[in-house]
Amino acid sequence: MNPVDYLRISLIDRCNFRCQYCMPEGVKLDYILRSELLTDDELLTLIKAVFIPLGFTKFRLTGGEPLLRPGVVQLVRDIAALPQTEDLSMTTNGFLLSRMAKELYQAGLKRINISLDSLNQETFDKIIGNFGASKWQQTWEGIQTAYEVGFNPLKLNVVIIPGINEGEIEDLAALTIDRNWHVRFIEFMPIGNRELFSDRAWVPSEEIRQTIRQKWGLIESTIKGNGPADVFQIPGGKGTLGFISQMSECFCDRCNRMRLSADGWLRPCLLNETGQIDLKTALRQGIKTTELREQVREILAIKPNINYQERESGTQTGTYQRTMSQIGG
């Protein structure tokens with residue numbers, strides 16, 4: 001198993017989109033009270049006194065939608081300024097990027113992943129649960145702005161949902177031909193969206209690869225990331241195609257990450273909900289960071305067992321209690 005040096009940090013569980021796979025329609029969401037969110041000071045304390053001493057050097061800011069977090073640019077600046085920070089990135093829906101991308105880049109954010117599940121305005125709005133004025137154009141402009149200010153690599157995250165956007169696989173893959181963009185197809189997961197998942201199921205990565213292969217051919221890329229994606233290229237293309245196959249092709253041996261929710265729960269495995277520890281409450285109760293560090297060290301020691309043996313028994317009820325937006329997936 002890879003060294004665990006990567007922490008995904010959810011800044012907020014709220015979002016200005018309501019994507020079906022992340023915040024399912026009809027599911028009642030109990031949003032975290034602002035007073036229960038980790039404050040900037042608490043988060044920086046945990047990073048500096050708990051995670052960095054244990055070897056964490058790569059940090060990704062997620063949500064919900066992280067750009068809704070008040071003061072997010074200053075938080076980026078503070079994390080980027082830590083001498084041990086080797087990599088600081090963000091996952092966003094892109095809607096606010098057209099006015100925030102430059103400031104984020106100048107603050108020290110160098111890599112960005114943007115969710116883009118459709119190039120069709122109507123389909124895009126359907127997936128994100130938007131019934132008012134379309135949000136497609138502003139999102140697309142945000143992607144363009146992020147690339148123009150210098151984010152490299154710029155990655156686009158795509159979840160293919162049967163019967164909704166599976167007809168766009170070729171169009172989305174084609175974005176990598178003339179642009180140095182990296183499109184990543186992520187298999188749809190049954191976390192907090194059991195009804196939609198049961199209704200729609202998922203498209204295996206190999207089926208997506210085969211669709212692309214039949215159109216243009218597909219070769220393994222010499223560009224490799226530091227995560228679970230299998231990386232390919234369309235011959236002659238400038239960008240890459242990544243496939244994250246958490247449903248069809250177990251990659252637990254390559255896992256190098258943990259997740260910290262916006263309210264301070266540390267989750268060692270995305271699929272395991274029972275092995276989490278509550279760092280925020282302990283911190284607010286005055287537990288020393290040295291003790292918290294030892295608790296995290298213990299979780300690190302058993303993470304391989306959680307990944308390999310407890311991956312499929314990650315809930316006590318058989319149903320995940322939190323949605324992707326609440327976990328910071």
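Cβ from N, Cα, C; glycine included.
Owing to the predicted nature of the structure, the values given are computational and were not obtained by experimental measurement.
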According to Swiss-Prot, Y21, G64, S115 bind S-adenosyl-L-methionine; which one of M189, M247, M258 is listed for that same site?
-> M189
Can you tell which of R34, R60, R293 Swiss-Prot lists as binding GTP with R8, T91, K155, R257, M258, R259?
-> R60
Within 10 Å of M258 (GTP binding site) by C-alpha distance: pick out those among the binding-site residues C19, Y21, G64, M189, C269, and say none if nothing qualifies.
-> C269
Inter-residue Cα distance where the pair is M189 (S-adenosyl-L-methionine binding site) and R259 (GTP binding site), in Å | 16
When a 10 Å sphere is centred on the Cβ of M258 (GTP binding site), how many other Cβ atoms does it contain?
-> 24
Identify, in sequence order, the residues in the chain of K155 (GTP binding site) that are 6 or more apart from it along the sequence and have a CB within less than 8 Å of its CB; answer 'none' if there are none.
-> R111, I112, N113, I114, W181, H182, V183, R184, G242
CB neighbours within 10 A of C22 ([4Fe-4S] cluster 1 binding site), counting all protein chains shown, number 26
